[in-house]
2 protein chains.
Amino acid sequence: MGFSEDNLKGFILALVSSLFIGASFIIKKKGLRRAAAASGVRAGIGGFSYLLEPLWWLGMITMIIGEVANFVAYAFAPAVLVTPLGALSIIVSAVLAQFILNEKLHQLGILGCVMCIAGSVVIVIHAPQEHPITSVQEICSMATQPAFLLYVASVIVLVFILIFHFAPQCGHSNVLVFTGICSLMGSLSVMSVKALGTALKLTFEGNNQLLYPETWFFVFIVATCVIMQMNYLNKALDTFNTAVVSPIYYVMFTSLTIIASVIMFKDWDGQSVGNIISEICGFIVVLSGTILLHTTTDFERSSSFRGSYASLPPALSARLCSGNGEFMKHDEENQLPAEAVCLQRQEMH
Amino acid sequence: MGFSEDNLKGFILALVSSLFIGASFIIKKKGLRRAAAASGVRAGIGGFSYLLEPLWWLGMITMIIGEVANFVAYAFAPAVLVTPLGALSIIVSAVLAQFILNEKLHQLGILGCVMCIAGSVVIVIHAPQEHPITSVQEICSMATQPAFLLYVASVIVLVFILIFHFAPQCGHSNVLVFTGICSLMGSLSVMSVKALGTALKLTFEGNNQLLYPETWFFVFIVATCVIMQMNYLNKALDTFNTAVVSPIYYVMFTSLTIIASVIMFKDWDGQSVGNIISEICGFIVVLSGTILLHTTTDFERSSSFRGSYASLPPALSARLCSGNGEFMKHDEENQLPAEAVCLQRQEMH
C-alpha cells in the first residue's frame, strides 16, 4: 500500500507517456488522412506522401516524447506498476478519436475504458515500493541470480523453438507464434530498459555509471531485445489483423513482463497476500477492458462495413516506432473510414 | 485488509446464496419449459400449469434457501461485502444455462463473468471489519444517528416525489422511475434486514432480543420495505424489458445500499483511503461485468432473432419471490426461445 515519492514520479511519467502515445496515434492518423486527401494515395497502398505532411511528423515527435517518458518511468517505479498502465494510451486514443476524428465509440467501448481505469487504480494503489538501487553492479547481481537466469534461459530456448520450429511451420496461420516471440523478447526488453534507465538516473544524480562496462552491456541488450521485439511485432501485424494481434500481444507481453519483474526485482517480497491478489485482479480487469475495447471497435467496424472489412497492409510508420504502446500502431491504417478509401480509389480512376 | 472470522462466515454464506439463487433460475426455467411443453401455454401468456410441475417448485425452494442464506450473511458481514456479491448469482446462472439449458454464452459474456469475479475478489479483500454489536438497542442508536436519519428522510421524500409526481407522468416511459423507487426502498430493506438478522443472531447466541420492542419494530420495517420494493420491481419489469431494468436496478440498488451501510454502520471509519478506493473500484468492476453480461445476452438474442425480440409480459413467479437476486427473475420468461413463443401463439389461434 506504500506509495513512495519514486512510485508517484513513475506513475505520473507513465500517465504522461500514455497521454502522448495515445494522442500521437490520432495526430498521425489525421496527418495520414490529410496526406491521402492531398495525393490520393494511401500509406497502406504504398504512398509515401505522408512524409511531407507536418502533422504526421508532429505525431511521430509526440510518440517519441511518450516513449521517452515511458522509459524514464521504468527508472522510478516497478515494471509491475508501469507496464499495465500502457493500456491507458488506448483510452486516450479512443476518447480523442471521438472528439477529433468523429469516430463513434461503442457503448461497450466506454465500459472497456471504465474498466481499464478502475483496474489501473487498483494496480496503482497496490504497487509495491522498490528497494532503492545504488549502482549498476547491484542490478547486475539481480540479473544474475539463479531464478532470473533460469527465466532468461527459458525465454531464449522458447524463442529459438518458436523461430526455428514453429515460425516456418505455422507462423502464418497461428497468431501465437510471432506474437509469442515478441512478447517473450518484450519482457527482456523491459527488464533491460529498466536496468539502463536506473543506471542513467544514477548518473544524472551525480553517481556516474557510464564508467562501468555493465552499463554498456545493458545498452547492447536493450538494442538487441527491442530490435527483435519490433521485427516480430511487425511480422505479426503484417500477417494478422490488428484487432486480433493487439489484445493477445498486450496480455502476453504484460503478463511476461510482470513475471520477469517479480523474479528479478523481487517486487512481491514482503507484500501481503491481499496486496498481491488485488494487484493480479487489477491486472485482469485492465486486460478485460483492453479486450473489450478492441473487440467492440472491431465489431463496430465490421458491422458498419458489413463484412467488407479486410486486413490492410501495414505502413512504413509501423517500422519507425518502438515501445510498449506499439500494439496499437496499425490502427491508423485500419481505422480510416472504408468509405473514404473507396472515394479515394474512385477519384483515382 | 482484516478478514475476520465473521467476515469469512458472511462471505461463505453470500457465496452459497449466489449459488442457490443462480441455480434456482435454471431449475425454474427448466420447470417452466417442461410445463409449457406439456400444456402448450406459457406462464407469460397466462398459464398456471407450471404450478403442477415439481421442478418449478424445486426451483422455488432453492431460491428460498438462497434468500435465507443471503439474509443470514447480512447478520455476519457488512452490507458493503454481501450486496455486491449478489452479482455472482448471474454468473452461476450463465454457466449453468450453458451446460443444462444449452444456451450459448457469448465470448463477451465470459469476459463479463471474469470481471465480476475479479471485482468481487477485490471487494472481499478490502471489506471492512465490523464493530461487534451486542444488542438491538445498539443498532437502534445507529439507526437514529442524525446522518442516517437524514438519509432515511431523503429516501422517503424522494420515493414520495417519484410515486406521486413522476410515476403518473412518466412511469411508463422512463425506466428510472419505478427502478428508482425500488432501489431506494431496497437500500432501506437491506439495512432493516441487517438489523433484524443481527438481532436474531444475538438471540440464537443466547442473548434474547425478542423481548425488546425494537426487534419487532425492525420486523415491521423489513416487511414494509420488502413489500414496497417487490411491488415496484414488478411494475418496472411489467413495463420494461428485463435486459434494460436489470443492470440499472443492480447499479442503483447496490450503490444506495453501500451508501446507506457506510452511513449507518460506519463501515469506512478507520479504513485507509487506499482500501476505500480499492473497494469502490472493485464495485465498479462488478457493475461493469454485470452490464456486460446483460448486454451481451441481449445482443445474442436480438441478433439471432433479427430484431423480432419483444418484451414479454411477466409471470406470476415474479410476484412470488423476494430478495437481492431478484433483478434476474424475469429472464426465465425472456430467455425462452422466441420461436417457441411464436409457435405457441400460432397454436392458440
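Placed from the backbone N, Cα and C atoms, the Cβ positions cover glycine too.
Under the heading transmembrane segment, TrEMBL lists B:6-27 (among others).
Residues or ranges marked as transmembrane segment in TrEMBL: B:48-65 (among others).
Nonlocal intrachain contacts for the transmembrane segment (B:71-96), taken as residues 6+ away from its ends with a CB within less than 8 angstroms of a stretch CB, comprise 6-7, 9-11, 13-15, 17-19, 21-23, 25-26, 105, 109, 113, 116-117, 119-120, 123-124, 127-128, 130, 190-191, 193-194, 197-198, 200-201, 250, 253-254, 257-258, 260-262, 265, 267-268, 279, 282-283, 286-287, 289-290, 293-294, 297, 323-325, 328, 331. Feature annotation from TrEMBL assigns transmembrane segment to B:71-96 (among others).
The feature transmembrane segment is assigned by TrEMBL to B:108-128 (among others). Beyond the ends of the transmembrane segment (B:108-128), by six or more residues, the same chain brings 1-3, 7, 11, 77-78, 80-81, 84-85, 87-88, 90-91, 94-95, 267-268, 270-271, 275-276, 278-279, 281-293, 295-297, 299-300 to within a C-beta distance below 8 angstroms of the stretch.
Taken from TrEMBL, the feature transmembrane segment covers B:148-168 (among others). Beyond the ends of the transmembrane segment (B:148-168), by six or more residues, the same chain brings 142, 174, 177-178, 180-181, 184-185, 187-188, 228, 256, 259-260, 263-264 to within a C-beta distance below 8 angstroms of the stretch.
Residues or ranges marked as transmembrane segment by TrEMBL: B:175-196 (among others).
The annotation transmembrane segment is assigned in TrEMBL to B:216-233 (among others).
If you look up TrEMBL, you'll see B:240-264 (among others) marked as transmembrane segment.
The transmembrane segment feature in TrEMBL is assigned to B:276-296 (among others).
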Look over the recorded stretches B:175-196, B:216-233, B:276-296 and say which has the most C-beta pairs under 8 A to the transmembrane segment (B:240-264). B:175-196
For the transmembrane segment (B:276-296), what are the same-chain contacts with Cβ under 8 Å, counting residues 6+ beyond its ends? 80, 84, 87, 90-91, 94, 106, 108-109, 111-123, 125-127, 243, 246-247, 250-251, 254-255, 258, 268
